[in-house]
DNA sequence: TCCCATT
């Protein structure tokens, strides 16, 4: 096991941008320190079989003894690394690193379903608590998936600074089963509570009851009332948040030595555009997008046609809208699909009205990593001119 | 005034 950990931690293939991808959410001086978790008995229930999937009476497979959820994965861990780490325990039936549907960024958690329940147990015993980068991963049995366990996370503010995580749990536990809790602490003052925290209940209705019962209430002896509300849902990002994320990812690609003047141009233009500080001429854009020798289809009434390559078979129009929309006026998107399978053939087209916005989108999204794919984005070239 | 827990 030690060799496994060493192997993963020292894996040179992940050297790329480690310092930058440690997690932009951890930026700034404040950070979570209090990571103590309530280890709830997420554990499987029902009849135990020595091997293989358990088949319940209704015919569906019961994976409660084989399926694990893994939390607090480092932001930069890939699906392959995830599989490799958990595959070292035993044969995996399936596994999935959960990623943002639009940006492909890891959401920091994933699922591993083993063939053998014994391996699931072994994975919990050997990998739970493993430190990877700045994270301490949590490995536990996954609860059966259902709508009732979603959006059960609460954001609590106005907590007395003296209130500990345990105190907070005690306060909330009357409303239901707590899955996780944490109190945010200020790092610069060596872990003083910031008076805000999170409580995740097993069920959304438990969280609702806790809001009813505790929002606006003063905890025993506290001077101020606390605020209890549903936490922001990280998977439902606003357009602005998506933009910010895109810029941060784009900026990451330019943080190396800037021997190329063109890279500096691109980043500057990117940042200026995001705040509407200035417009720039097509000449500047042309000089930075290395389009030498290529004919563009031009603004033939409809606008500027952009070729997007290396989309996944599952890609749909909404992905293109959401990727390109933040950069300006998009009039049309199209995913090219296979006639029989109806799956995306790996490319699509986007039409944008304004040249500078199209060029900005290309400069930002070309080379952008969408999940495990790297997009190629360029102005559509005229076929007639080829060869 | 916000940590990546449900595929």
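Just so you know, glycine gets a Cβ as well, placed from its N, Cα and C.
Pulled from TrEMBL:
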type	residues	note
DOMAIN	A:66-144	domain 'RRM'
DOMAIN	A:152-233	domain 'RRM'
DOMAIN	A:304-382	domain 'RRM'
REGION	A:1-25	region 'Disordered'
REGION	A:38-61	region 'Disordered'
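With DSSP states grouped into helix (H, G, I), strand (E, B) and coil, the domain 'RRM' (A:304-382) comes out at 22 helix, 32 strand, 25 coil. Helix first, then strand, then coil: DSSP counts for the domain 'RRM' (A:66-144) stand at 20 helix, 30 strand, 29 coil.
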